[in-house]
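This report concerns only the one structure given below.
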Amino acid sequence: MNFTVKYSFLVICLLCCLLSTYVSVIEGHRARPGESRKNPREIIKTFKESGKGIIQGYYPSWVSYNHNLKDLNPNLNVVHMSFAKMDLSYDSIESIVGSPLLFKSLIGLEYIGLNEYFNDAMNLRKARPDIIMLLSLGGETYHPSSFDSALNAVEKIANLVDELGFDGIDVDYEPNGSFDGLNDKEKADFFVQYVTKLREYMCDDKLISISQSSNGALSCIGFNDPKKICMDDEAPYNSKYFNKPDVKKELLRAAQMASAGGAIYLMNNLKDMIDMVFVQTFNYTNSTDSTVMKELYDSYAYYGKKYDYVIIMGFTLMFPSTPFNPNDKMLVKSIGDFVKTENKLNKRADGFGLWSLSSDNAAHNEQLAIEYFVESLH
């Protein structure tokens, strides 16, 4: 009898817990813009008005087993939660609550279940109501099984963003699970269609970020491109620029890579539908000239000013051989001074970002890098 009472009490507690989570999810995430926090667009606007650069970081969901979101560096302004599937599929939020182990297999985020994610996100929101949190899709981890499956998932993604309390979406453009195939027109057209549909389904206050390769805004010169998908004659880093005799050798090499110009077609078609571009500089290796990061930023800044994007130059903590070492104080200051000047002149909020936060395998010091970012941008 005593065992039966205890068992019944346990079942009731479990049902109450599930019901509580269900209600909070159905009503939407409690950390909504309003009395407790600003609209994410208003947060971005305050950075632009002050000329302060945004500091961003990718938080891989799989590190949540050893780390907590609320313990992130207080100087971070934007967090990309990675990675979810571009073609995610689930029947309803209630079904994930009822079977928490489905969260990873259906959504992609590597939490044990929805409750674990929800508590982690709420702790961050309580500690940092000013932080912007985006759900990052795709990347090397999850490229869609088909274009149609990804497009059919957009409405679910928009609902998930709202129900789980994200401030928007980041879409990592690696169509083959790598930087190969960036200049394939069919894949580029799909990406434009995918992001356009996301914008249609998401609330106006939500942000859209796209992640691109380091040389994505340099016109390609290494191969014939009759459709000019990776060229822009009106941009400063066009084919004429690369015919100049004084072009940096490493910048010329970047324009000759197969990934060169991979963002040009996307930005010129998406225009002001997106809000932020994260530049993944870790595809640029085997270089001894780290100064080209200035030109790489400048190539994206042209589109940032044209379409009002925030440009985030990404550093990596993972590879000791990267030419863009986030713990190189002089490099960070040099690029930061240039970015800060542009921000002040143009009322922009361009900044720096990290791949990836809280990684136990980091080759560089996360806290030191963020300290250097703050010193150089603010």
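Don't overthink the numbers, they just go from 1 along the chain as shown.
Each residue, glycine too, has its Cβ placed from N, Cα and C.
Swiss-Prot annotations:
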ACT_SITE  Glu174  active site, proton donor
DISULFID  Cys220-Cys230  disulfide bond
DOMAIN    53-378  domain 'GH18'
SIGNAL    1-28  signal peptide
DSSP three-state assignment for the residue listed as 'active site, proton donor': coil
C-beta crowding around Cys230 (disulfide bond), within 10 angstroms: 28
